[in-house]
Amino acid sequence: MASRTSSLKFFSLIIFSFAIVQIAIAGDPDILTDFIVPPNANGTVDGNFFTYTGFRALVEGDPPTAFTAMKASLAEFPALNGQSVSYAVLQFPNGTTNPPHTHPRSAELLFLVGGTLEVGFVDTKNNLFTQTLQTGDLFVFPKGLAHFQYNADAESPAIAISAFGSANAGTVSIPSTLFTTGIDDNVLAISFKTDVGTIQKLKAGLAPKP
């Protein structure tokens, strides 16, 4: 009996250790080929498949007048499938913000190319971590935690590049998720300790413009 108990403990320890390792290396699933060819490619690809030209608009177009996120993720760049990486270029005209949001499948590593940014995230103990970034700074937003970026400069724009450890990091906008998805007004009013009228004003302000 003692031997069987020891064996069970050892087996449990192995399973637990394996689970810890899996959590530590969690990301996109590993693939068994060099890359994944989409079914509509008929098995034939060339260098064009591995090239994404969507960011040319950054140097060819006019600066945006509102916060803009240009993404190179699985949806825009199919060659990223199985590669556990994606990019986003964040453009902040003066006084604009990237509202609080989360990325459920990846951490975010932000590199500030130009300007200044106020950034921050909140951990699972409701601790707020903030920083004022200068051009050339890096900041990491841990996986799944609510975070934001804000260009507080009243005159100058800011631009940043964000890297993700997933081809499809996902973005959950907290304001949009709460106030544009049809959650009952009473649920939100009770949760935020306010009245239904205030909730309805928030929903109206966040509703898509025609």
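Even glycines carry a Cβ here, placed using N, Cα and C.
Just so you know, TrEMBL annotations never went through curation; they're auto-generated.
On a predicted model such as this, the values are computed, not experimentally measured, just so you know.
The signal peptide annotation in TrEMBL covers 1-26.
Residues annotated as domain 'Cupin type-1' in TrEMBL: 56-200.
Taking all protein chains in view, 24 other C-beta atoms sit within 10 angstroms of the C-beta of Asn98 (oxalate binding site). Residues or ranges marked as oxalate binding site in TrEMBL: Asn98, His103, Glu108.
The number of other Cβ atoms within 10 Å of the Cβ belonging to His147 (Mn(2+) binding site), over all protein chains shown, comes to 22. The Mn(2+) binding site annotation in TrEMBL covers His101, His103, Glu108, His147.
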Site of maximum Cβ density within 10 Å, from binding-site residues His101, His103: His103
Tertiary neighbours of Glu108 (oxalate binding site) (same chain, Cβ under 8 Å, six or more apart): Val140, Phe141, His147, Ser162, Ala163, Phe164, Ala169
Counts of helix, strand and coil residues, the domain 'Cupin type-1' (56-200), according to DSSP: 26 helix, 55 strand, 64 coil
